[in-house]
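Visitor: A single structure is presented below for examination.
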Amino acid sequence: MFETGGANPSSAASGNSRKCSRVNSKRIHRVSSNGVVSHFTCPRRPMSHRCQSAKLLAVWTTMVAVLVFSTTPVFAVAKGSIGPDPEFVEPLQNLTVTAGRDVKLQCSVKHLGSYKVAWIYMERSAILTVQNHVITRNPRISVTHDQHHTWNLHIASIQESDRGGYMCQINTAAAKTRVGYITVVVPPSIDDALSSSDVTAREQSSVTLTCSATGTLPLTVRWRREDGKLININRTLAVTEWEGTHLELNKVSRYDMAAYLCIASNGVPPTVSKRISLSVEFPPSVTLHQQLIGAPLGSTVSLDCTIESSPAALHFWSRSDGTDLHEAAKYLMQSSSSIGPMATPTSSSQTSWPAFRTQLRLTIVNVTSRDYGAYRCVAKNQYGEADGVITFHRKL
């Protein structure tokens, strides 16, 4: 509440700081006896915090009040006012808002007469506004009046630190108050600096992917494979989804090579995600579909092999005498990008064909007797070399 007082500003400030040690339910601010400001009731807060700042806040409040209301003839409890006492028209709203948005709290009073309306932030026992004047030095705080009976407290770009109770107070002899609470929620955010970037690992090593997310709690972090396949945690555990800030993969294989999605959510839109690519490197291997192939003279025949390698291998065909074969009228060379994957027990469609696997096909046109013999499918990368030999013979 606001009351008139007869003390001068300096004595009021010192008196208030002394009262701090013994008053635990209110703070009293006094101003000179020229009818400007008296005192108001503030919400309880911890004694140690209040007492540290009592002198500074008392002096500051006194200076601001004198400056703001020096042009007002009377700012006091009008004990002799005629008419009904002021009343609140409706309760204050409790709001839940997303950080960064603008907020408005409304306080409607009827029969105000010569009394005044103030907004107070309860968490810090701080006067924010009195009537149409902003007291706080927070530039995001403002107040508007609808020219009737409503005072609007505006908070621009609200922050987590703004959460808590806001009191609308009328300076009657026994202060009349209404309190509204603001809950500030923060949507999830993934900190790239503290999260994993794309990872490259050797086959059979263990890998840990990290996703650091912030936002209003409770906050959930989930992992999924972008291709929808199971996540192989270890040799005995495979899951469609894993929950936690860390995804630990034990002894990764080439089949764990994929993009992993870290998805953070807390019920505050929007849900966010980060894509982390895992590359698994290993030496090449060569698989032959047929080791012995026969065809008659004058025919056309195709020799096939499949290479698995990461990083991608340099691959080529050669004869058993070491002669490398090159694309020509005699030889047609194709890879999986042009012929598509061959149906095998482990892959039957293009969508299941892994990126580390390449199919090679050598087609020999118009077979002559000189074309019979052994052909090598060769693959090399930085980790090693592999080959497979196909014997091509004459078929009667």
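Cβ atoms are placed via backbone N, Cα and C, with glycine included.
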Visitor: Could you check which of 1-25, 326-350 is flagged in TrEMBL as region 'Disordered'?
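Guide: Based on what TrEMBL states, region 'Disordered' spans 1-25.
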Visitor: If you run through the domain 'Ig-like' (86-180) with DSSP, how many residues end up as helix, strand and coil?
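Guide: Its residues fall into 3 helix, 49 strand, 43 coil.
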Visitor: Across the domain 'Ig-like' (86-180), what does the mean pLDDT come to, as a whole number?
Guide: 96
